[in-house]
Amino acid sequence: MLLLPFQLLAVLFPGGNSEHAFQGPTSFHVIQTSSFTNSTWAQTQGSGWLDDLQIHGWDSDSGTAIFLKPWSKGNFSDKEVAELEEIFRVYIFGFAREVQDFAGDFQMKYPFEIQGIAGCELHSGGAIVSFLRGALGGLDFLSVKNASCVPSPEGGSRAQKFCALIIQYQGIMETVRILLYETCPRYLLGVLNAGKADLQRQVKPEAWLSSGPSPGPGRLQLVCHVSGFYPKPVWVMWMRGEQEQQGTQLGDILPNANWTWYLRATLDVADGEAAGLSCRVKHSSLEGQDIILYWRNPTSIGSIVLAIIVPSLLLLLCLALWYMRRRSYQNIP
């Protein structure tokens with residue numbers, strides 16, 4: 001665990017209250033997915049994330065990082081970035097080779113997939129906690145705590161055997177320790193500061209209502225769409241007056257291409273119960289001015305046609321009467 005210097009806390013949390021002043025991401029992590037088809041073919045994908053926002057990719061062909069934002073390097077120099085890229089290149093190549101070499105010893109049956117996540121998180125009060133977890137086929141396999149390999153119960157004897165093997169490689173464990181407990185915290189602070197304008201921006205949501213597929217005879221599905229908001233935390237609820245409707249179903253918060261978010265909230269009701277319902281949206285960007293949209297039964301196509309045709313016919317009738325009356329006056333000698 002690392003404690004932030006006071007000066008950096010003041011930059012990230014200018015209001016003095018870290019729990020409320022900083023509403024952007026608070027963690028950085030890299031994700032590795034390695035797929036092993038057979039003893040000679042493997043593919044690894046990598047990416048870097050601030051919470052749910054991707055800021056790095058990995059080009060497997062060139063073995064270089066892809067920086068998705070101008071500030072994705074944080075405060076690291078080009079030399080430091082090049083050194084890290086070299087570490088990851090060597091690691092990815094060596095990891096695939098070692099796994100294939102030891103697959104038989106660990107009774108690994110092709111094809112299989114290994115996932116890994118490693119990073120660090122800024123906690124309230126300024127502490128930074130680092131983490132590393134590995135999974136095999138979607139099941140927890142091991143973690144690193146206090147620079148030691150800890151097998152997961154789901155990994156069984158295979159995970160225990162792996163940890164016993166890896167701790168013999170002191171050079172690898174020292175590199176992991178440096179990356180987790182020194183490099184990652186320093187990078188996290190730098191990138192949060194470098195990307196501060198983007199990460200702490202406030203973008204107001206847009207909201208609209210629609211009807212979804214009918215859930216059954218005599219019933220309606222009301223849908224409240226909320227899109228384009230940032231940061232991610234949002235509160236959406238179907239209401240009747242001030243009473244929350246407990247049947248409200250929230251979907252997953254999904255990313256838009258422009259680093260904003262989308263959410264939909266649905267409510268199934270009987271035909272006669274939709275009147276008086278509203279969708280309420282709360283978000284930090286609204287500064288307490290909640291969005292409230294009231295449900296109105298959609299107008300039928302027939303009503304729309306009548307609303308257009310009837311006035312048009314009346315207008316034509318008036319014009320015809322005016323024209324006939326004008327002609328009749330002209331025929332008077």
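First residue shown is number 1, and so on along the chain.
Here the Cβ of each residue, glycine as well, is placed from N, Cα and C on the backbone.
The recorded disulfide partner of Cys279, taken from Swiss-Prot and restricted to Cys224, Cys318, is Cys224. Looking up Cys184 in Swiss-Prot gives a disulphide bond to a cysteine among Cys120, Cys318, identified as Cys120.
Feature motif 'Internalization signal', per Swiss-Prot, maps to range 329-332 of the set 5-8, 265-268, 309-312, 329-332. For the pair Asn258 (N-linked glycosylation site) and Cys184 (disulfide bond), the Cα-Cα distance reads 26 Å. Between the alpha carbons (Cα) of Cys149 (disulfide bond) and Cys120 (disulfide bond) lies a span of roughly 17 Å. The Cβ of Asn146 (N-linked glycosylation site) has no same-chain neighbour under 8 Å that is 6 or more residues away in sequence. Sequence-distant contacts of Cys184 (disulfide bond), defined by Cβ-Cβ distance under 8 angstroms and a gap of at least six in the same chain, are Phe28, Ala118, Gly119, Cys120, Ser130.
Of all the recorded positions in the list Asn75, Cys163, Cys224, Cys279, the shortest Cα-Cα distance to Asn38 (N-linked glycosylation site) is found for Cys163.
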